[in-house]
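Per TrEMBL, the feature region 'Disordered' maps to 1-28, 1380-1434, 1487-1529. Residues or ranges marked as compositional bias 'Basic and acidic residues' by TrEMBL: 7-28, 1409-1434, 1510-1527. As annotated by TrEMBL, domain 'S1 motif' applies to 84-170, 188-252, 275-340, 448-517, 537-606, 718-787, 1187-1255, 1280-1351.
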Amino acid sequence: MASMEEDFPRGGTEKKTTEPKKCAKAHDVDNLFERRETAVTKKRKVVQQNETKKTKQQKVEAGDLKLNTAPSVEILHLRNLKIGTLMLGCVKEVSIFEAVVGLPSGLVGYLPVSNICDSYTNILKDNLDSEDSLKEVVSLPELLTPGMVIRCVVSSLDSAKEGQISLKVSINPKEVNKVLSSGSLKPGMTLSGCVESVEDHGFLVDIGITGTKAFLPKMSKSSKQDLTVGQYVMVLIEEVKNDGRVVRLSQDPQALGKACAETCQGWTLDTLLPGLLIRACIKKVTPHGLIVTYLSSFTGVVDFLHLDKDKTSTYNLGDEVLTRVLYVEPSTRHVSLSMRRHLLPPGGAVLDSFSSERVGEVVKGCKMTALHHHSGALMKMPDETTVFVHKNLMKDAKEEFNPNRLLSQPEHILRVTDYSPMEQMHFGTLRRSIVEREFFRYQDIKVGQIIEGTVVDLQKHGVNVKITEHITGLIPKLHMADVVLQNPEKVFFSGLKVKCRVLSVDAPQKKLFLTRKKALVESTLPLFLSFADAKVGCISHGVIMAIKNFGCIVRFYGDVSGLVPVQELSAECVDDPNELFFQGQVVQAKVLKCNEQDKMLRLSFKAVTEADLNNVQTAKYDFVVGKMVEVSVSRKVLDGLEVTIFPEEVPAFIATVHLSDHVTNCLPLWTVLEEGDTISNIMCLSKNKKKGIVLTKKSLLKACLDGIPTNFSEVQVGMEMVGWVKSIMPYGVFVEFPHGLFGLAPISVMADQFIKDTKAIFDIGQTVVAIIKNVDVEKKRFLVSLKVSDLTISEEGSQARMIQGLKERKSISEMVTCRGESEVLQQLSAVSLGDKLKVTVGDTREDGSVTLTSDQLSKATVLASQNNTKGVNTSPGCKLTAVILHVDFMNSEVHVSLLPELTTTKRKRLEKGSKLTATIQYTDKDFAVVSLGDTGHMSIIPTRTHINDIFDSKVFHVGSCLNVTVEEPSNQELGGLPLVTYQKMNAEKEQSESKSEDPEVVMTVRVKKVKPMEVLVALSPVGTGSIHVSQIEESPVVGSLPTSSLKVGEKVKATVIGGRTIRGHSFLPISHTNLNASFLELSLLPRKLNDAGRNMSRNVKYKPGDDVICFASKYVKELQCLEVHVKPNVMGKVELLAMVNKAGQAKHPQTLYKPGETICAKVVGINTIRPLHLSLSLIGTHKLEPGVIAMSRVWKVEPHLGMFLQLPFGNSGFLSVMDVSDEYEDNPLEHYKQDQLLRCYIIEREEGRFIVSVRPSRLYKAYKKVTDPEIQSISVIKEGQIIRGYVTSITNLGIFVRLSRSIIGRVNLQQVSKYFASPETLSKHIPVNALLTAKVLRVDTESAHVDLSMLSENTGKPDILPESLELPLFLTKEQKRANKKAAKRKQDISESQQQDGKKNGQTIKKKKACPEKGNTTEKQKTEEKKKGKTLTEDKDSGVEVFFREEEERCAQVKGKLEKKEPKRLQVAFDFPWESTLCSLTPFATVDNTHDSSEDEQEVTSKPVKKTRKELKEEQQKEEQRLSKLEAELMDTSVRPDNTVAFERLLLSSPDSSLLWLQYMAFHLQATQIEQARAVGERALKTISFREEQEKLNVWMGMLNLENMYGTQESLQKVFERAVQYCEPLPVYQQLADIYIKSDKIKEAEDLYKNMVKRFKQEKAAYLSYGTFLLRQHQSNAASALLQRALQSLSNKEHVDLIAKFARLEFQYGDAEKAKSMFDKVLSTYPKRTDLWSMFIDLMVKHGSQTEVRALFDRAIHLSVSVQKIKFFFKRYLEYEKKNGTPESIQVVKKKALEYVESKGAETPS
């Protein structure tokens, strides 16, 4: 009551009195809060009247004050917030020093690290005061996580910059729970607290209540075990002791979520806390929310933001709702509640959504759905997302709030400003100033971006720059300028506008770093924003951050930095980098190497070139050939101008020869242009690395660009293109065209005239028109012609070109005049063509020209040529009148004429169309000045009527005459001169187009030499000719050799059809001019074919599919094709796949066709290169279609999919694993290798590739043995069908089996095996591409789904999983149902018996009928034992007594059985030996099999008695089972199938390596790799050390295991151990064999090399290595190894070693080489009969009969003992009896008799 009076004093402040105050109960006081009366206070007597009125008004207002009432519903506004307000918040962000908390109504608070709790604050202080490390302190991000819902209190409302309010909150329990006391704590309350200390058995939690110790037990199932000091926790009071001084807490999330505040817990408005779950009743429904009552009498509000959006329109008065307290304002007792689902159970502890990526997004087309005048508006974005806009943000700051105007607008544009986790809603703004703002948050700023800001202040570390109201950046001291500023305060001051580039942005930490270095801000080079941008070869600007002895460290943007090694700093040697560079220097660096993963960058300074920089700048330019640009001259170079393109400021280059179409104008234009001049109408021509962007000003190129091809594939014969001369060679000129195309114009087609010297015809850069004559597709080149007669472009453009050229010359004169301030330029610009001036004759030069002087041109040189002074007195000093012909500004010369007809004749009027005779007065390569008869007029004409015309000095020389026609009497573009056209008076006659045919030449020739492809003949009287194989017979028979029909010396009549050049052997037609100097080509064909032969190069046309007769030339092994000749000038090629129809034919394709053999082929394709080349086919077809059988070559083998094939005619195909065979097998592709040839059947074409099949049923129609038919559609598959396929994948959905190319079936996991196995287990036992058999269960043709089953009862096959895995079985529905019922019965029985036991206090004894008269089976006995074991954890002694009784009864029955039956071996076959006591379960929970449920049934009901016959049958069955089991155990020949059997056998035979290896293999079959390794290790420890071979066998098994299932490291470790414990050499040999068997050839070879190094003196090492090399067909390496062995081994071992190597050569290598080795050894050691015997054995096996007989003959003539010779004769006779004839047998006998006789004759002597 006292605290209440202090908060709400009646009538203001009262004087303290000593009178005792009446106390009231807390509940009564709370009820009084409905309406309180204000007390009347005493006033001073001396008051003014107006103060009295104010006091009365205050009394009335105070009298109307209502506490804990809700007259209206509003959201929480920041202006109404007070210190001490308790709120529910959600953590949004957490940093080291503070956390950002989302509060109701979109408010944001900041939680400092010092406002966690007192214990955490003390730890921070202690660590700051001490010198110890701070690592022991748990950081704030570890205590709080985003999304966590917390209870907090407003701790401060300080004013920040620019009038903003900084809202800080605290979660310190002493502040949040200060309204509570020890006496107010009740069980079931939920409080917030922080861990104060960590104890052994739990945690002391600070709940902020003085005198109360709160303990959270650690062993509680619901408590977390990783709490630390300062950890914020929500706890539930479980128990209150000692009047609240000791409290036991719980952290059970389920209990916390369901805990509601109840009236019995004594909650009051003083103690009410945010976050409490309260049941409320709706008191009033308003448009802005609800007013509710709770805890019997309290009133609260639910604003519209916290209503359940799905039930907004369904709330009614009196409805009971579940709410959670949002905030409590202590002074007014105002309580706000929330009904949002994310804050109610089961949620409320942690919110999943606490941030949004849409913050900052500007959204158009938003609609206003609801407007709340005192709060704001709800809006819908186009994607139906709700956004709340606060009232203050619905208008700009200076505008008036007009809700009607807002409602009238159909759509709005808003910016999402924040996301409130408490409302799970976006908040936005309609203020235009914020919506249109470029940068709203730090995430909007990108690294490398140019931004502008205002300087705020200058600090020691840099300059603070304000970007927007909420975004500030820092310019570090190093980045203030390009150089280090000594006095930055003189440059930077508050309010300064600066332009910067962003260096880095850390949005979460709100850090922005900028640079003001001009070189970086204005850089046009690419920016390295990440290591991915730093491509090798790229150049960028960076800043040197550090200088070391080993180089410079350069920093770019973000975290990108790199090292420039000292050798890359400069082209010269650098001793000290500090002398050349300084920290903060901006440099250009080129990337040499970049590792993105390791973030390592290697750079170079010296590698940066000017060309690289230009390429970087031009790369950004939008370059298009033909694009018109305007440029500015940057620099003049020798070959052109370096310019800059406007306005992009991109560098470019324009060559001097490209300044004009007129060659004579190019150099003057280059001369007069200076830096800074602007050139317009420039066209982009090309782009290359050397020059960058290349430009041109040739107007003809601009006009004809559209018709020029853009790449070589578009080039066609007959195209006319405009280009320019690129280079001039003695054999022709190269012409360049746009888009990088080049063509060669040979000297023969450069002009219509005969040309001797190419240099005098065209100039470099001259514009020409070319027509394409020939295209070489393979070499990508073409030939062009510059002949005017070959071109179709008319000559109408000559006048336009002339006018353009004259304009250029005029512009040159104007530029010279404007720039030159000299007097001579002024004089030259004052005269023009046709002007007359007075001159005085001067000296005469050697060429006959006369120098003149004139007062008007006193500074210039005036010249008159010899032709312009004819008939004029040119004596020095004579004064004459001259007419100006040409003004040369470059040389300051004026050319004039002194002829009287020009100087004295008056100008006559010209008529259009009049024809005149013009005389040339002055000429250059482009233009000529002419005088028009006696009219007194002068004009200018072009010297070339066509752009390709050659300047003819004989025609255009001074004094020559032309016929001209006046087109215009006065042309403005010519400066008033007449425009005329001309014709040559002495024009040559054009050649006739029609040419007479050459006469036929027939001669008698003599055959000189016959070759397969041609016949050489001797001509009469001298000379040699050739008759091609195609010109011998008119219709040669296929398979014949036409040239063989002619004999040497035979005389025949032949017709000359052409010739061949002696050097290049190119075919020349008979009409060729150089035919006489060539090798003549003749023909024996009749006249009608000969006519075609003459023009074969022109008129022969072939089409794909045509049949042609060709003649085989040779097979090119490198290209794998057959070259053929069709005609003398027509060649052809046949690829290998188009040659053969069988794979066997491809082994020796060169033998299929003889040179010159006649072949019938089909044309596949045509090549236009001369001589004409055809692509042919010999397999009867020229294209592939479905149904065709063709050869193919394996290109690539994909083990799980199929094979990619190369098909004839450049096609490719795919062979699926389903189309390999008609009978599926495991690993169907293992027989196929790369480059193998196959016959295949073309099925269809799909996505540019043929689908093929190699099934025999496809290739051979008669083939009927089809085990697995081809499935072409899903309709073929029928339910119940047994089908096979290959596994494609194993997932949680089942096993997917490929049934055909396009159909994949699925086997549900329950249909795979009777055992329950996970996909991982199945993947270990069923590899991908394994062949499976399944039964079709269901076929869905619409969705193309096929469901399969692999169960053995469906397929008839054994189960896919072995029984040895001991996997659980799948239960049927009936078994599951029975188990559930049994478990329920057991639970009911157990509960009822336990209750009876508690009541009676006696031991529980279950009555269970014992089996009658020995009918108990072994299975039942085993089950009883198991049940007895399951009770080990049961503490009920009664149960133990019961089981002892049961065991005694069963023991009695068992004893009876033992008396009756013979004694047998007792083995618990089914007992799980790996079971432990920990795996046993209590009796009440046993629910394993159906038998257990039957046992339980017997507990509650009487046993069903069986007849004697049934009991006897059961006994006999059991006896049979036991007998069978004993027989299996006693039979040692049966291979064990479980671990128990193996262990039993190992006890009897511990040294048997075979048994140990079988044990390992047993585990490997179940993919139990580690168990197999363990068995191997046991074997090595168990086998006796004397059994070396047995141990070696186990070591080999270990090596095999690691090779198949281990890694290279594990294999190496086992190998090293084996070498230590065994003889090393056998271990090496065995491992090498293992490598070879697993196709690890490289590893085997390396091991052999190490072996021969280590065992240099061991012959076996060399023999093993030699065998390996010869098996790998490395005969040369084996020979080298033999030589090495002979050097290492002793001499006595050489013979045996050589013999054994020779034997290996016989087996795996070269037999001839082996023979030579034996011959060499036997020649040295002829008496080694063992070697002779070995040699004979090998020759019998590998040699011919002749060689064997010869060897026997050598052996029987040896000088050895008779006994040994007798041995050889005996073998010789056996060989002949087996392989010879009766005659050969008699020969051997005769030789034996002769030998005996010879020996007999020697004995007497």
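Backbone N, Cα and C define each Cβ position, glycine as well.
If you count C-beta pairs under 8 angstroms between the domain 'S1 motif' (1187-1255) and each of 537-606, 718-787, 1280-1351, the highest count goes to 1280-1351. Mapped onto DSSP helix, strand and coil, the domain 'S1 motif' (448-517) counts 6 helix, 34 strand, 30 coil.
Across the domain 'S1 motif' (84-170), DSSP helix (H, G, I), strand (E, B) and coil residues number 28 helix, 37 strand, 22 coil. With DSSP states grouped into helix (H, G, I), strand (E, B) and coil, the domain 'S1 motif' (188-252) comes out at 3 helix, 34 strand, 28 coil. Across the domain 'S1 motif' (718-787), the DSSP tally of helix, strand and coil residues reads 9 helix, 37 strand, 24 coil. Mapped onto DSSP classes, the domain 'S1 motif' (537-606) shows 6 helix, 35 strand, 29 coil. Residue counts for the domain 'S1 motif' (1187-1255) under DSSP, split into helix (H, G, I), strand (E, B) and coil, are 6 helix, 37 strand, 26 coil.
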